[in-house]
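What Swiss-Prot records for this protein:
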BINDING   CYS25, CYS27, CYS30  Zn(2+) 2 binding site
MOD_RES   LYS28  N6-acetyllysine
MOD_RES   LYS50  N6-acetyllysine
MOD_RES   LYS51  N6-acetyllysine
MOD_RES   ARG52  asymmetric dimethylarginine
MOD_RES   ARG53  asymmetric dimethylarginine
REGION    1-24  region 'Interaction with human CREBBP'
REGION    22-37  region 'Cysteine-rich'
REGION    38-48  region 'Core'
REGION    45-112  region 'Disordered'
REGION    49-82  region 'Interaction with the host capping enzyme RNGTT'
SITE      TRP11  site 'Essential for Tat translocation through the endosomal membrane'
Amino acid sequence: MDPVDPEMPPWHHPGSKPQTPCNNCYCKRCCYHCYVCFTKKGLGISHGRKKRRRPAAAASYPDNKDPVPEQHTGRKQKRQEEQEKKVEKETGPSGQPCHQDSCNSCTRISGQ
């Protein structure tokens with residue numbers, strides 16, 4: 001067995017290098033190609049440049065706050081009103097079920 005340089009990383013040891021070069025493909029076979037491909041592609045560990053972060057909002061500006069999404073209640077209220085009107089038509093204004101023959105307060109015409 002040949003002596004191995006202790007300062008050399010393990011993927012550069014003799015016999016540990018794969019026959020094919022590394023590529024940019026992220027398929028399962030290429031992710032397990034070698035130790036370096038596994039850490040970069042399989043685990044997503046990269047010691048390259050970090051992405052630039054957005055600067056933090058200055059605390060001195062009171063108007064600069066995180067936007068809060070508005071609640072859209074107008075549409076819900078319209079739907080509720082329509083449903084209440086529909087229920088009122090079906091039951092009558094007193095809340096009792098409408099009997100077509102004996103209904104005097106409902107706008108229904110008997111025979112419909």
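Quick reminder: no glycine exception, Cβ is built from N, Cα and C everywhere.
Apart from CYS25, CYS27, CYS30, the Zn(2+) 2 site neighbourhood in this chain, defined by C-beta within 8 angstroms of the site C-beta centre, holds ASN23, TYR26, LYS28, ARG29, CYS31, HIS33, LYS41. Among the binding-site residues listed (CYS25, CYS27, CYS30), CYS25 has its Cα nearest to the Cα of ARG53 (asymmetric dimethylarginine). With respect to Cβ neighbours within 10 Å, the binding-site residues CYS27, CYS30 differ, and CYS27 shows the lowest count.
Here the candidates are the binding-site residues CYS25, CYS27, CYS30, and by Cα distance the one nearest LYS51 (N6-acetyllysine) turns out to be CYS25. In the three-state DSSP scheme, ARG52 (asymmetric dimethylarginine) is classed as coil. If you measure from the Cα atom of CYS27 (Zn(2+) 2 binding site) to that of LYS50 (N6-acetyllysine), you get 24 Å. The DSSP secondary structure for CYS30 (Zn(2+) 2 binding site) is helix.
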